[in-house]
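Undergrad: First the structure, which I've put down as structure tokens, then a few questions once you've had a look.
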Amino acid sequence: MASVTTDVIGGKIAVARQNAQILYSELQKSYMALQDASLSEVLANVQPIPPRRYLRLYNTLKGHRDKIAQVKWDHSSRRIVLACQDGFMIIWDAITGLKLQAIPLENSWVLCCAYSPSGRLVALAGLDNKCLIYKVNIPEPGEPITSQPGSFELSELSKPYRAGPGAHAAYVSACEFLDENKILTASGDMTIALWDTQRGIRSYEFLGHTGDVLLMLARPSQNTFMSSGADGLVKVWDIREKGPVMSCNILKTDVNDIADFQDGNSFVAGADDGICKLFDLRSECELARFELLAQFAPAKNTTTITTPLHSHFDTPGVVSLDLSRSKRILYACYADYGCIAWDVLKNEIIESIGVGSGCHSGRISQVAVSADGEGLATASWDLMIKVWST
């Protein structure tokens, strides 16, 4: 009887999702009908960025022995923290290439990491449904960095589901600090939690996604954050509100990464279908899309035989992306074609990063731009991190 009831409820949920998708599509058509100009038309007189190699290899960070799950810069743009599945979280000096601290992990199956605004705390989380926070001492110039003894855990994450004020029932896919005392965690159980790091307890739970929450992007100064998930939605949240303040249905596949603009009015989302979309929150519509396949596909008015090169881009899923400090350049990592730099205003490819002789020998899985915009880090399946600069 219980299984029959579960099947009935599951069927109703599936129908409701289909109806919601139809309504979202109708809304999108209405928004598109109101657009009186396209981004390319408005920016027709803007000069493009000439395509050539701008970034040069500055440093190579070696030392990990397994897959690097995530790369994060601190706010000083000097240190990098890495979440790696070799059992260590390493803090690097991006300028000298030295290891500043290697923190042994209780569980090697990590998925994400985060730096606090002050740089005194680092967090990581993963498949064990936990988020661990480590205290790190900030050294004086020229002195080595050291960690304080032990770490503390957001305790309720390890409790049985619903045992406390809502513990995560699945893997923790993302974590982001709002300040030294608040951290957000997103999970495969379709929830996002706000935690008090001083007490190690959950302060609030955010509900709204109908699939795994895959990523978060915090805006601490505005008390807001964004999330993306396997339901194809990007949601904007205010920590002072119970539900999402805006929901954007922009993709039909998993939204793997998002990057926003400084004004908070626009963002770029990348997904499994290989498309990056520039979305405006004020008009609630798509402004531009960046398709790698379209750049290499034959022209519509020409007859040609499909080449292996063209076939290679059939499913170039976007796995990671970030924006330059000026927000003019979009850096997107594709599953099978490395890191591509796009001119956001002209929708043109500027350069390819980390591909070629002397570069990464494996798939590039992560890209991250430093806060000052002077450095760009790429992580690869070759177990190395490369730092690039002009």
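Using the three backbone atoms N, Cα and C, a Cβ is placed for every residue, glycine included.
No curator has checked TrEMBL annotations; they are predicted automatically.
According to TrEMBL, the record shows the following:
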REPEAT    61-102  repeat 'WD'
REPEAT    165-205  repeat 'WD'
REPEAT    206-247  repeat 'WD'
REPEAT    357-390  repeat 'WD'
Undergrad: Which residues of the chain, 6 or more past the ends of the repeat 'WD' (61-102), have a CB below 8 A from one of its CBs?
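TA: Sequence-remote neighbours of the repeat 'WD' (61-102) are 108-115, 117-119, 122, 124, 126, 134, 136, 144-147, 365-372, 374-375, 377-381, 383-387.
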Undergrad: Quick test of the contact rule: Cβ under 8 Å, at least six residues beyond the ends. What residues does that give for the repeat 'WD' (357-390)?
TA: 54-62, 64-77, 80, 82, 92, 94, 97, 319-326, 331-333, 335-336, 338-339
